[in-house]
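One structure is given below, encoded as structure tokens.
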Amino acid sequence: MIDQNLLRTNLDDVANALKLKRNFILDVNQVKALEEQRKTLQVTTETLQAERNARSKNIGAAKARGENISQLLAEVDTMGNQLEIAKTELDKVQSEIRELLLTIPNLPAEEVPLGKDDSQNKEILRWGTPRQFDFEIKDHVTLGENLKGIDFPTGVKLTASRFVVMKDKIARLHRALAQFMLDLHSEQHGYMEVNVPLLVNHDTLYGTGQLPKFGEDLFHTQPLTGQDPNEVQRPYGLIPTAEVPLTNLVRDEIVDEDSLPIKLVAHTPCFRAEAGSYGRDTRGLIRMHQFEKVELVQIVAPEKSMEALEELTGQAEKILQLLHLPYRKVLLCTGDMGFGSAKTYDLEVWLPAQNTYREISSCSNMWDFQARRMSARCKAKGDKKTRLVHTLNGSGLAVGRTLVAVLENYQNADGSITIPEVLRPYMAGQEAITG
């Protein structure tokens, strides 16, 4: 959520920036009308409160003098009723302002390139050289099915399309990737591993920006029958990423600045409805309703957040480097960034069967956008004032997509898969997966 004071002091500039950089049309007249109502009602409530307090004191003095206080009591009661009405109206207007603020995207950092879509993203670097194959390349689906380790038909039978069953050595390789990522981030990069709920309430989803704007992308819980009005309602959402519960750990908290940065990592299943992606990536593991991811989150002091973004992105890159997977690092343009991000790097891994780079990690600095929604603050020792923290998040990495990259980049002519050296300790020393 952007700072409401920006709308009060620089409304036209903010509106122009949102239109230019975010293709978001802010209704300036609506903002002005709500702000005028808020100021008027604020003055009214403060005036009524002051007058009511003054007359309440007069009642005590008049009573001490033995005067008739019935008229004063009636006036105080009337003012009390007027005050309650004014407070109710003020609360309503403030609620409308908050609902409006919750729909406004973050303002990009100055260095973010202007652009409409991913074609105008800026490539920062490439690492590694794509392997040259001397045999016909198979995609991960064919490789996995031939090894009897990837089973999409059973996933459809059990649930629906975009679900999968993994078996045997492929399932173990998938698990090995997640364990390798967790170990590297927790043992070498200084992150604390956290096990979080997969179901979260609406306050949590509002805190990180999934609600109210992206509810259709979430899976929500509800009674299976939906017929009995006496059934207990369970208004929870399945997490689309561990960023949601991890970041919300500091919601409504004031943390000691000496404890910053807070660096958290979690390995979780993630659930996404993939609304609007019909027909895209229908084959394989690239776009699933359920997938696993190792997520990195940092909570930092405001002046440290850009430095932290470089660090976090580099830590995600380290996974790809140790796996010897070619990738490129891309700075997203204004038109391709996420709703709450101020600056985002994407890491895209080379997939031989597609002959292209595909996103495997997105690392973002949210500035104080999420912190303001969550009321997540920090305070220095000896300082009475608090300030909003900055939050960052990134995939370190998406496990399923990393599996895709390993299968395709490490395939052999006979259909076997060479296991990357760093994963062999997690695979009982096995060097290859064979049929």
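Yeah, the Cβs are placed from backbone N, Cα and C, and that goes for glycine too.
Swiss-Prot lists Thr241, Ala242, Glu243, Ser395 as L-serine-binding residues, and of the candidates Glu187, Glu292, Glu295, Glu303 the one it assigns to that same site is Glu295. Distances between the Cα of Glu359 (ATP binding site) and those of the binding-site residues Thr241, Ala242, Glu295, Ser395 are shortest for Ser395. The binding-site residues under consideration are Ala242, Ala273. Their Cβ neighbour counts within 10 Å are lowest for Ala273. The binding-site residues recorded for this entry are Thr241, Ala242, Glu243, Glu295, Ser395, and the Cα of Thr241 lies nearest to that of Glu274 (ATP binding site).
Within 10 Å of Ser361 (ATP binding site), counting CA to CA, the binding-site residues Thr241, Ala242, Glu243 contribute nothing.
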